[in-house]
Amino acid sequence: VTPGPPEGSRLERAAQLEGARGGEHEDNVSRLRSSSLEIREKGSEILREQLDAAQKELKLKDKECERLSQIRDQLEQELEELTASLFEEAHRMVREANVKQATAEKQLKEAQGKSDVLQAEVSALKTMVLTSTPSSPNRRAHPQLLSPGTRSRGSSPHHGGGHARNKSASGALPLAPGGHSDLPSDLQPVREDKEMDSILYAEFLTWKNRPSLDRSSAFLVRIYREDIGPCLSFTRSELSQSVQSAVENNSLTIEPVAMSALSMVKANAIECGGPKKCALSGISRSCKHQIKLGDEESYYYISPSSRARITAVCNFFTYIRYIQQGLVRHDAEQMFWEVTRLRREMTVAKLGFYLTDQE
């Protein structure tokens, strides 16, 4: 039997072991404390970082809210301005509409008044046409047909000293009510019969369906060739063409010499003729009338024969203008015979027959 260690050594060893265990515990506690501190520090850092991020985000949100608030205020201001401008524009449009409506109503009333006047004039013109034709003119409705002495005695003071415009005056052998011309009894036929030419009548009907003053129809081409051209063919060809153009445009004026003022433009006697010389034919004759072409200021003296030829053509153009305007209320056959009679007037005037004023 070996002897055991002494009792004192065992106690020391136990004490050392207990001390070692206590030191180890303290080390564990210190390590735990340091770990917890580290964890707290890291947690606080994370929390601070999150707090900083949240604060930055809040600042951004505040800036965004401020920007949106400014945009809202600006939009509200623009909306108010737009509303005000819209109301102002609406009021302006209403005022303009009221002014336009008042103007339109005024113009409508004026147009209605003019229309009534024109209708009255058309009615009067139709009445005049129905009661006055080139074959039997109504001298009261056409005062230009009266002789200078009669006009001066019966005209009003307003027209007594002025120029008398005569664009369609009759002066080329008007027919008597019986249908015969006022020729001497030895020249008048005992009886006058008439027979319609089918070709001429067909040409007239074609023209009457679409009446026009253009020379595109066979009806007017024939009349220009057979009647108008020869009737207005004078010695002075250039002046003759001007006279024909003025007659076609209804811008020719025939005035008695005694009632006309002297021309403001001084032209030589060869161009305008004179009281004793016709400007168209060049024949020395007593010229009681003078003509004016359109807006020209020169007057041309014409003989009674030249006046009869011009007025015969004027009568023809006046009648076909009435037909074109729908003012003649006759059937086609009556119109054709009236046109034929006017053609005969041009032919007779071309041959040198004419009547002098006896009234």
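Quick reminder: no glycine exception, Cβ is built from N, Cα and C everywhere.
Quick look at what TrEMBL lists:
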type     : residues : note
COILED   : 44-128   : coiled coil
COMPBIAS : 9-30     : compositional bias 'Basic and acidic residues'
COMPBIAS : 149-158  : compositional bias 'Low complexity'
DOMAIN   : 35-127   : domain 'GDP/GTP exchange factor Sec2 N-terminal'
REGION   : 1-35     : region 'Disordered'
REGION   : 130-188  : region 'Disordered'
The compositional bias 'Basic and acidic residues' (9-30): DSSP-derived helix, strand, coil residue counts: 22 helix, 0 strand, 0 coil
Per-residue pLDDT averaged over the domain 'GDP/GTP exchange factor Sec2 N-terminal' (35-127), given as an integer: 88
